[in-house]
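Swiss-Prot has this to say about the protein:
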BINDING   124-137, 160-169  acetyl-CoA binding site
COMPBIAS  203-219  compositional bias 'Basic and acidic residues'
DOMAIN    1-190  domain 'N-acetyltransferase'
MOD_RES   LYS56  N6-acetyllysine
MOD_RES   LYS146  N6-acetyllysine
MOD_RES   LYS210  N6-acetyllysine
REGION    195-225  region 'Disordered'
SITE      GLN58  site 'Crucial for catalytic activity'
Amino acid sequence: MEFPFDVDALLPERITVLDQHLRPPARRPGTTTPARVDLQQQIMTIVDELGKASAKAQHLPAPITSASRMQSNRHVMYILKDTSARPAGKGAIVGFLKVGYKKLFVLDDREAHNEVEPLCILDFYIHESLQRHGHGRELFQHMLQKERVEPHQLAIDRPSQKLLKFLNKHYNLETTVPQVNNFVIFEGFFAHQHPPARKLPPKRAEGDIKPYSSSDRESGLPQGW
């Protein structure tokens with residue numbers, strides 16, 4: 001994906017990591033430096049255009065990634081640059097991966113509710129002309145190392161069939177734990193939670209009231225709370 005400004009100078013590294021501040025990375029020594037506000041506007045343009053491209057590829061009604069969404073959430077965006085593409089010396093973008101921690105209520109394999117806060121895959125896009133060249137795995141692997149997580153510890157928001165196949169091919173993630181929300185988790189998710197998942201007390205059947213102990217009566221709270 002190409003832009004009218006110098007992507008190669010704006011993003012010096014092959015993979016750039018952006019947070020909610022969308023600050024331009026440090027420039028290489030010897031390069032001219034436009035006003036910082038102009039650089040941030042260029043960053044925002046890249047984020048917006050990548051979000052639109054991802055939404056189009058996934059047939060979504062609207063982008064789920066944009067500069068404004070990034071600024072209002074504590075998400076992290078990994079952007080992969082094509083170091084070999086230099087149209088007019090400006091470089092190009094291969095794709096991106098967006099992640100973030102979210103508090104979720106998920107079911108384990110015994111259908112017990114668990115309150116967890118895993119790292120979630122929120123959006124993932126590689127330009128159509130550059131797929132099946134190892135770029136997706138390179139980007140995903142960089143994120144795993146940077147965030148210090150294992151693939152089975154992730155929760156994925158509304159994954160496409162293409163993403164599920166990608167995870168199966170590269171990370172042997174196949175068996176999912178059925179959920180009632182839009183997130184997908186895989187077998188092994190609960191075995192490696194850190195911090196540990198907090199289990200919620202099972203819902204009591206109507207009329208099944210547990211007797212109070214003396215200490216419970218003194219505290220005014222039913223046993224188990």
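One-based numbering along the chain as shown.
Placed from the backbone N, Cα and C atoms, the Cβ positions cover glycine too.
Confidence for the domain 'N-acetyltransferase' (1-190), expressed as mean pLDDT, is 90. Of the listed recorded positions, namely GLN58, GLN161, the sparsest Cβ surroundings within 10 Å are found at GLN161. Here the CA atom of GLN58 (site 'Crucial for catalytic activity') lies 10 Å from the CA atom of GLN161 (acetyl-CoA binding site). Taken residue by residue with DSSP, PHE124 (acetyl-CoA binding site) is part of a strand. Highest local Cβ density among the recorded positions HIS127, LYS146 belongs to HIS127, counted as other Cβ atoms within 10 Å over all protein chains shown.
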